[in-house]
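Quick look at what TrEMBL lists:
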ACT_SITE  His84  active site
ACT_SITE  Asn157  active site
BINDING   Arg81, Arg121, Phe170, Arg367, Tyr371, Arg378  heme binding site
COMPBIAS  1-18  compositional bias 'Basic and acidic residues'
DOMAIN    37-427  domain 'Catalase core'
REGION    1-31  region 'Disordered'
Amino acid sequence: MTDKKRSQQTDPEHRFSERGAGGEYHQHAEDGAERLTTAQGVTISDNQNSLKPGASGPTLLEDFVLREKIFHFDHERIPERVVHARGFGAHGTFECKKDLSAITRAAPFQKVGKKTELFARFSTVAGNKGSFDIPRDVRGFAVKFYTDEGNWDLVGNNMPVFFIQDAIKFPDLIHAVKPEPDTGFPQAQSAHDNFWDFISLTPESMHTIMWLMSDRAIPRSFSTMEGFGVHTYRFVNADGKSTYVKFFWKPHAGLQSVVWNEAMKTNGADPDRHRRITWEEITEGPQPAWDLAVQTFDQEFADSFEFDVLDATKIIPEERLKPEIVGTMTLDRPVDNFFAETEQVAFCTQNVVPGIDFTDDPLLQGRNFSYLDTQIKRLGSPNFTKIPVNAPRGCPVHNYQQDGHMQTDQPIRGRVNYEPNGWGEGPREHPLEGYTSFRQEVHGEKARLRPESFNDHYSQARLFYISQTEVEQGHLRDAFVFELSKCEMEAIRIRIVSHLRNVDEELAAAVAERLGIETLPKPAPAAQPTRMDLDASPALSIVMNGPGSFKGRTIGVLASDGADADLLRGLMDAARAEGAKVKFVAPRIGGFTDSKGEKHPADEKVDGGPSVLFDAVAIVPGEESVAALAAMPPARDFLTDAFVHAKFIALAPAAGPLVEATGLSGKLDDGCFDFAEPGVAETFVSRCAELRFWKREG
Ligand code: HDE
């Protein structure tokens, strides 16, 4: 567990400043306390008042303390990332679980038990920095490994495929999804005409669109989502032999997402949901952890595979080629400063180390240009590599790169700033230990072409769809309906349905019916007319890949004065035994007093702690206070939402009037537990391991 502590207590009687005899305010620095200074190191005597001739005189230009403070403040902002602006980062460690030295020279994989420090950043793609955490969107999953042989950035997403096959289309894709240029909205939404217009004219996006409409796009937390390197990369061993590799991050907490209605409400109740959960997980445990798994294969496999392994819109199903676990990443330390680390971290796909190389995937090739370019725009200088979060840690850095904006280092001392030099000084290249690109023969006519082997846009879209459980298929259908219902142009809705007919006829018909499209359009003309019918891949379902435990999850207990103390104790014990947490929601933040007179501070006041913030709920009011609770709309919503979002619910006998007030009497099902005695808590918590009572969705 991290030793990271935030200030938790403040002196209630602390007086911030005192008025002196001359009208000036003073804050007395205690002896030994740190002095407040200017950037030039001059101690500041008064940080509350600017310099004036007389108390009501105009502020003097001479006031360098004021001017310096305001000047620095004026320059606090840097451009946000053009995509993935909203992110959350943390430090961690990678531990090697399998020696891969036979297939790669890459430093993190040379010995079982070898640890490599890392920095991970998760992000949404479309929203700006101040947007919310659970839009329907792809999530970035970027990891910087500070290896002994330089930094390796594995800049992936929580989906294994991408919308487009060639980098040249990226600016159009992003322009289309971002707020429309005239109105400036919608923010952090794909549900608008421009996005769906572009998609409807880009059949290669169909596979990723299925992922985007699935619950993968609304994860419960970063710790319950998978990560993917997306592209096929190369491992290269000491003999220069290449093995293709695809990277996967498999969460220890199992896969879990929220439902759409819950996501929308969560964004209002706690826009910082994912970052808050991550912070709590790192500081309180269980710490977020993922296994790194790899699919490795040779050219022969690539040639025999029915899709092109260089096409980023395709996966190699896990049942076809099992990803092998090679290590574990644990996030164990939050940042000390959000701006310095999370904001300034600069991932570049071009950051590879000996043993890892690129392939000819045209998306990856374009990315290798974009990331370095964008960091210079964002961070303002090629010296961004010196910022601590970006600087290599596991190895020395020596070169003749010099000067530039914000050079904080004095790398070159003396006269030698070039190489080769006859002074017998300075670093030299090392042909054997240095990075060598995989030796590959390249030939072909120069032209703007796409391989024929990239042409099948529907087979894997269908594979994804048929691999979902019925519940997930229902969510996916509803997501299409929701998004397309926000499109004003009927032609766009129709074009999307025409693509869906190539994916699944029933899905197309269901979406069309719910959109009010009376006549099904013809299927979209496909570049490759024959769609393959592939076997379902259970690895693609979230529901089938849950944790099998309620560990790390939270039960929200709505309680009020007089709540049955034994029931509460039973619930807390059962939760603790499972590694889950209990949080109290009460009418007042000061808390409630249970039936044995014990006072429990509340974690949330009822209108600030809706049930969308919890994985399961219990309703444990006092008999005397339940009527008042039932009269509160947020208390009724607490129960209704938990029910609608298919959560497991424990109801103490005293909860009756609240159940009645919500209109749920007579509708309670097997996902609702009669919490009449403390022992029920154990059954309840063990059932919660299923995470949701999906049957309720019918
Ligand atoms: Fe990115 N992407 N991307 N992307 N991407 C950026 O770089 C780009 C793509 C991904 O937490 C930018 O530093 C192009 C695929 C992540 O800081 C930019 C193309 C995948 C992050 C950029 C892609 C990603 C970015 C913006 C098409 C998954 C956030 C800010 C060829 C494999 C990293 C920045 C962080 C960020 C360009 C497609 C993942 C503009 C041109 C595919 C996780 O350089």
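From the backbone N, Cα and C atoms, a Cβ is placed for every residue, glycine too.
In TrEMBL, annotation is done automatically, which means it is predicted and not curated.
Here the features listed in TrEMBL are placed on the structure.
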residue : record            : contacts (Cβ under 8 Å, 6+ apart)
Arg81   : heme binding site : Gly87, Ser123, Lys129, Thr374, Arg378
His84   : active site       : Ser123, Thr124, Val125, Gly140, Ala142
Arg121  : heme binding site : Gly87, Phe88, Gly89, Gly140, Ala142, Thr342, Val345, Phe347
Asn157  : active site       : Val138, Arg139, Gly140, Phe141, Gly227, Phe228, Val230
Phe170  : heme binding site : Ile164, Gly366, Ser370
Arg367  : heme binding site : Val155, Ala167, Thr349
Tyr371  : heme binding site : Val155, Ala346, Phe347, Cys348, Thr349, Gln350
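Residue density at Arg378 (heme binding site): 16 other Cβ atoms are found within 10 A of its Cβ, drawing on all protein chains shown.
Looking at the domain 'Catalase core' (37-427) alone, the prediction's average pLDDT is 97. For the heme site listed in the record, the two most distant Cα atoms among Arg81, Arg121, Phe170, Arg367, Tyr371, Arg378 lie 21 Å apart.
Look at His84 (active site): DSSP puts it in coil. Annotation note: Asn157 (active site) sits in a strand segment as assigned by DSSP.
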